[in-house]
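Please read the structure below before turning to the comments.
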Amino acid sequence: MEITYASPSAGDLTYPSFTSSGASSMPTRPVKIIPLQHPDATSYGSSGGFVSSSSSSSFWSNSLFSGWWGKIKGMTFMDWIEMFLPCCRWIRTYRWREYFQVDLMAGTTVGIMLVPQAMSYAKLAGLEPIYGLYSGFVPIFIYAIFGSSRQLAIGPVALVSLLVSNVLSAIADSSDALYTELAILLALMVGILECIMGLLRLGWLIRFISHSVISGFTTASAIVIALSQAKYFLGYEIDRSSEIVPIIKSIISGADEFSWPPFVMGSIILAILQTMKHLGKSRKHLRFLRAMGPLTAVVLGTTFIKIYHPSSITLVGDIPQGLPSFSIPTSFQYVKSLIPTAFLITGVAILESVGIAKALAAKNGYELDSNQELFGLGVSNIFGSFFSSYPTTGSFSRSAVNHESGAKTGLSGIITGIIMGCALLFLTPLFEYIPQCALAAIVVSAVISLVDYEEAIFLWGVDKKDFLLWTVTTTTTLFLGIEIGVLVGVGVSLAFVIHESANPHIAVLGRLPGTTVYRNIQQYPEAYTYNGIVIVRIDAPIYFANISYIKDRLREYEVVVDKSTRRGPEVERIYFVILEMAPVTYIDSSAVQALKDLHHEYKSRDIQIAISNPNREVLLTLSKSGVVELIGKEWYFVRVHDAVQVCLQHVQSIKEASKASDPSPEEKPSFFQRLLKQRGEDSLVAELESGNNTPSDLIHGDPHLEPLLFRNS
């Protein structure tokens, strides 16, 4: 509801140069503004409304945990069961006739894909192939119970395998039993970290890593992974490293030991895999080829070995038969050296697995809690470590195949686990003749899609800053190693966040012609400003890190005259600074103190601050700190237009007071001139307030008085 009254702030400002008798007799033009409701600093309702100090609201109504506590109180017994066992959600609503067939097909398809991939990724991690099969067995069953995603396919993945190899190779030789023990211990540590982050709901921390960093990191890692598999193609050993330079030097130095047979076989199998992957993606009726690719590579390679028995091609060798036995991880004295890698793998799990799981949940029409998902991944890693598994997480390629195959529930994961169990029980004797170059081709084919050069091209055209971030992360990961690459990428990403936060966008606003809407004059050149008034919008929270920048910019606006069209009474300097605070979501104590200092600084130069549209939390903070009383309640407004009306009224009074102090006879308007001018003003303002885009002022009125509202008759 709008009310009409004469602005009570008319007499609050004192201008030493305007203390003549003429100024005191100037009439005050009534203006129509929406009154701003000020809070009682002693009490504030939890629902966002202002309440009396005698309210019975408890501490919890203002607590950060109030929403969480209310949710817990409203949970039923079945809600508690589903929270700890998310599988109950799809078990209760399972439709056997509709879902079982597609879950069976999807689980079988992923299982066929996982068997050769698991062995390949175990070799990448520096482990025996059997540990890849173990990692694709127990964790799958555990995740089906505790995981909340119904399509995510977990197990060994290339990036985690590279991280495991990178850290463990610096501690022990891959042929030592200690190497395997540390890999299993690492799975336990990763699982504990994931569970802790899930229970404490800390998954939001990963949001500070930008997509550019993730893309650059995975691109560099994919290149390193592909080069690390070159030894199986070339037929000779190369140095194990997470940096590209030592690998390339090793490849070049051993070139005289090059062997043609593994190179030809590996290249042919890689070409077949890429062809099948392309056909599976591009043609819907052939999409089964994408999942059949790894199995086809293994079958072709094994068949060739069984027929021709080439001595120059190395084989996987003997693989133990049977399911993994229960054992507790050992070598806890190495925990301290494994902590950084455990955190890094946990970060990869959040970025890759949770991101994929949320995307698949959205496509399949159900909600997914990222923290609960992280807890499910952690439990699967903990239990997996008790059965000789190294760290596992969600696979992008297998999850995509699972979704494309029509998986509806976690039953597809259970079926995949059953296939892995059958492979461990019955098929391991056949795996002895798999050529190493075939497994290497599977790894290379899987990581080629991770080389995200298209993202770099996109970023170059859209945002050079993000392209720089992508380039820095990729380069440092390639040449300085994975850990340093991640640290540099995250550091630069956080530096950009801090820079943007400490240097927020601040806009000078102007009025769009024929409206009461105020917009950025840089974006809307047709918007006009008013003499003696600066309208500034701060597009960020105000806190200790950016308050100095904001104060500096506000001082600049006093002396730097914008190039927009200016209206209103012609005065020589700025008398009012209007702060549009609608985008300001938060203000801290440092900013409050700086605002007080700014007010005193302005007051010494006869400049008044006016504040428009602060939100409830900001207004409460200003009220508690005394800033509302310091500036004056009458200088807080609901709309920018209200503030402009009041401020322009004062500017007009100041202008007329200066004229009245020493008017020349020829400048004094006659009675009829004053009457005609007033009628023009009243007509103009009435048209503006009604939203007329072509006010008569543009034809015959005085534009200086445009925002003033009509005089009560």
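Keep in mind that glycine also has a Cβ here, set from the backbone N, Cα and C atoms.
Looking at 247-264, 373-390, 643-660, the stretch flagged in TrEMBL as transmembrane segment turns out to be 373-390. Here the transmembrane segment (410-431) sits against the transmembrane segment (99-118); at least 3 CB pairs are under 8 Å, leaving out pairs fewer than 6 apart in sequence. Per-stretch counts of Cβ pairs under 8 Å to the transmembrane segment (438-461) identify 288-308 as the leading one among 130-146, 288-308, 338-361, 373-390. The recorded stretches the transmembrane segment (373-390) and the transmembrane segment (338-361) share 3+ CB pairs below 8 A when only pairs 6 or more apart in sequence are counted, and are therefore in contact. For the transmembrane segment (338-361), the partner stretch with the most Cβ pairs below 8 Å, chosen from 99-118, 130-146, 153-172, 288-308, 467-498, is 153-172.
Among residues of the same chain six or more beyond the transmembrane segment (178-200), those with a C-beta under 8 A of the stretch's C-beta atoms are 125-128, 131, 135, 164, 167-168, 171-172, 329-332, 334-335, 338-339, 341-343, 345-346, 349-350, 371-385, 388-392.
When each of 99-118, 130-146, 467-498 is scored by its Cβ pairs under 8 Å to the transmembrane segment (153-172), the top-ranked stretch turns out to be 130-146.
Beyond the ends of the transmembrane segment (130-146), by six or more residues, the same chain brings 84-87, 114-115, 117-123, 152, 154-156, 180, 183, 187, 319-320, 323-324, 375-377, 379-381, 383-384, 386-392, 410-411, 413-414, 416-417, 420-421, 423-424, 428 to within a C-beta distance below 8 angstroms of the stretch.
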